[in-house]
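The structure appears right after this line, and notes come after that.
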């Protein structure tokens, strides 16, 4: 057989590549087409041609895909944008056609045979399964790079959970998404929050105000009216003021008038007086602008003014601070008049020079018009000037025509009344008599970027606010409008009710009716005739939080959705937010979920597709949390707070508990039922006598509920019967409760009792504990009142232990007033052990979670502290007495400023994490080692795969140090006494985490009478001692430091009390940390100080001497006190000497009976007697003070 290849005939045809193809390939193709019409090609050539055709086709598709008029390339888009946000109108049209023309194949239920046909089930046309949906979207977008994301999108769209998505579900999701995007895009803080204040200006004499000028040091608003009477020596004449401007560096006020002069007023005093006058000008100065170097005010400055003949003049002041014009050597007082011709001729060139340029270009078709406004741009030395002429309405021209720079000319039919320019935003805004506000690119003159319509009359004033990125415009009918520059929409309209504008009259305005005073005053002033209106800005910049917050109010919980890798947070303002776990970015927010009611609990169903929220008023709603679509509303039984929701998928039911004290069931079998009624036929009965505060569920069918009265019940959810009643509720001691209420000078209203009794249906009497009782998150104090049992605030099952069915081991944890109690479900002894978690008294634990293996327990208390405990061997078997020792503490760290309300353990492909929610408005993500990943709501995103993007090693409090204890060291460097008082060990902020010895002795016991068990504590391998603290908890300290702590406890003031101050918790904590570190440093350094050296200059009380000084006891008189001869002569003895006699004893040597010289008169004798009496009184007072107790205190 021949090895030759069979020839293939290829005919010449059209070009394979379009005009956008590679030039080299195009040339080769043209050469190939210009050859023979028929060519014999080998196999290798055929493969090359096919490859070239395939590459050319792909390249052509990409180029047409990137055409903005066709379909855009998603590969070039920002990766942070979601796929559905990039879908355009053309894509939606194609998707709609695909859904409408979709005819799915039948579902084969049973394969056919030769004797029986196949059993099939017809599918609904237009309903796609996941594979069909993915292929359809990939076909429309012509890319498969979103294949993985389309699976998540399909789960979001499948709200009915039937495995299919139709066009209605897709449209509903997209509409909700677009609505949310529009809301977030148009949501802006309106700048003016209060009503405008209007004031009449008396001195204007009913003439309109030309301009408002703000002078500095101090700030004063100077109003310049149009009409001004001037009285000369021979005649009286009128002039109109055209404009005024303040020169800050030389403290001068410049005013121009129709008298063709410019007047300079000195503003250095309270009374402004005229200093210079430029007179006999050729033209009328109509508008001003001034520039000076802010950093060097004494450097040359420039004064610009436009005139009525279309020219712009510039005065260059060389020494603006010292002197503006040359002063003649005259002793005459008053105004110095300067002839304008002298300025033009250069007679004052040592102080000021003059230049002028023409507005626009010289044209014979139009006469020069009045320059109505002028602005200088120092960055590129350009001047912006405007007129009312339709030709050359606004011109941006160089200051020096010799530079040959390009001028930008804007032509507007009605001319320009006002304009403003901002360099940072790079926009130019104009207002005209055609009622329009235009936004321009300063370098594009033929078309405006945006035209803002809304004013009913001509726009006479515009101002750009850079901080808000907004434009304020003012029209002739006294209406102020606020425009968003980015969205080109009107955000706010304020109608100013001036007296001259009522009853439809058109008021009169000056040439410059608007003035914006920047921060810190933040005021917009507008004028109308002889009135001024003031509008105070509420927000002058984009909201910038000093600290990142998740919500604007305190959170109720944060839960994790492992299907979508998202965190859902809810807050008291009834808002729910969805956050991406891997980046911390916000996915979606839907507000007003329960109106004005607080969200109190949230839960996911077992499919993680639906979100359940409960509110304080007893309402429960079911959501598609991916788009905020409300799927179901559950009937409320009573207006009582919902504290727990359990969607039980196996029985198609929803179980809810709360302050209504009942277990409420809802039927969840019909996905189309919008309103689900409540069912109160719980077979086990409603046995709770008080509010149900906590609930937890564990597979396969264990449900635990706990109440405010301390009752804990475990149910079998399949049979709805009680599995075990761990503890019966205890009634409150009413007598003790009344005593406490009376002590707090409060009383119980009979009307409140009756109203609450009506709310509860009158079935149960209302105990005093329920009167106005907030939930655990809102309580300011967590101290249990007298006579009140500790409420159960949190329940947590340990599923691993529960599945192993340990006979007498603890498998349920309850949090009660800071104590964690461990319960056994299958053994004879119910309560196995307990221990107190927080570092201080009267705190609670509201956050509990554990890892999947139940080896570690994570607790979050009301102080914002997270603690990690090793519970692998804790309470695994019951003992004769309840276990009171704590499990080994692995680590602890400060997570929040206030109470932690929820903790959730997260298992992710990048590692394990803890998400915490608190009442300090934040939800934060931490690694299990305590490393701070970030706060949901912060500006900077993180990447869980890159630790460099985490906030660690920083903490939410950069000024606070965190304790760190290495468990490998034999000597612990801190003690429980220090941690309870907030004491920070120096040099212990290495890892920002408080590490504790994992293998600490849990065998160190404490006897019932409070004495130490020396046999156990003395043999500790860490050399520790145990003792009982004031709150009854056991404290372990090292033997080496026990003596130091005893000394410090005696000499230092107790630090267990909270440091309260009006400065705030952060400042107080910082001050306390500094104070304690100084005390510790003094105590440590004082051991090597020779105190004799500190007293060489006298008895100086140095800090070291104060620490060394011992306590001084009260002085007592000795039994055999030595007496002087003078005391014996006065009749004193050792037996009758007492402290009172000693204090009243007169030790003076001069008495009233002493003889006086013969030359002294009786008057002198009286003076001496009074002197002696006064001296005795002072000595007695001093002797009393020297015998007072002395105590040694160190501040």
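Placed from the backbone N, Cα and C atoms, the Cβ positions cover glycine too.
TrEMBL lists 1-28 (among others) with the feature region 'Disordered'.
For 145-180, the entry in TrEMBL reads domain 'EF-hand'. Residues 74-75, 82-85, 87, 92, 95-96, 99-100, 123-124, 126-130, 133-134, 137-138, 563-564, 588-590, 607, 609, 624, 626-629, 631, 671-672 of the same chain, all 6+ positions outside the domain 'EF-hand' (145-180), place their C-beta atoms under 8 angstroms from a C-beta of that stretch.
Annotated repeat 'WD' per TrEMBL: 416-441 (among others), in sequence order. Helix, strand and coil counts under DSSP for the repeat 'WD' (416-441) come to 0 helix, 15 strand, 11 coil.
Among the features that TrEMBL reports, repeat 'WD' is placed at 452-493 (among others). Long-range Cβ contacts of the repeat 'WD' (452-493) within its own chain (Cβ-Cβ under 8 Å, at least 6 residues beyond either end) map to 185-186, 188, 190-192, 414, 417-422, 424-425, 427, 429-439, 501, 506-507, 509, 512-514, 516, 519, 524, 526, 528, 533, 535, 537, 539-542.
Here the repeat 'WD' (592-633) is broken down by DSSP into helix, strand and coil counts: 0 helix, 21 strand, 21 coil. The repeat 'WD' annotation in TrEMBL covers 592-633 (among others).
Positions annotated as repeat 'WD' by TrEMBL: 685-725 (among others). Here the repeat 'WD' (685-725) returns a mean pLDDT of 90 for the predicted model.
Marked as region 'Disordered' by TrEMBL: 758-787 (among others).
Marked as compositional bias 'Basic residues' by TrEMBL: 775-785.
Residues 547-560, 562, 565, 567, 569, 571, 579, 581-582, 584, 776-778, 844, 846-852, 856, 858-866, 868, 935-937, 944-945, 952, 955-957, 960, 962, 991-994, 1065-1066 of the same chain lie 6+ residues outside the repeat 'WD' (893-929) yet bring a C-beta within less than 8 angstroms of a C-beta in it. Residues or ranges marked as repeat 'WD' by TrEMBL: 893-929 (among others).
Summarising the annotation, TrEMBL assigns region 'Disordered' to 961-1046 (among others).
The feature compositional bias 'Basic and acidic residues' is assigned by TrEMBL to 966-977 (among others).
For 987-1001 (among others), the entry in TrEMBL reads compositional bias 'Basic and acidic residues'.
Annotation source TrEMBL lists compositional bias 'Basic and acidic residues' at 1011-1046 (among others).
Residues or ranges marked as compositional bias 'Polar residues' in TrEMBL: 1149-1160 (among others).
Here TrEMBL flags 1149-1195 (among others) as region 'Disordered'.
The compositional bias 'Basic and acidic residues' annotation in TrEMBL covers 1161-1173 (among others).
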Task = Please indicate, using numbers and ranges, the residues of the same chain that are 6 or more beyond the repeat 'WD' (416-441) and have a C-beta under 8 Å from a C-beta there.
result = 372-373, 375, 377, 379, 384, 386-388, 393-394, 410, 448-453, 455-464, 466, 469, 471, 473, 475, 481, 483, 485, 488, 512, 514
Note = Across the domain 'EF-hand' (145-180), DSSP labelling yields 25 helix, 1 strand, 10 coil
Ask   = Taking DSSP states H, G and I as helix and E and B as strand, how many residues of the repeat 'WD' (893-929) are helix, strand and coil?
value = 0 helix, 24 strand, 13 coil
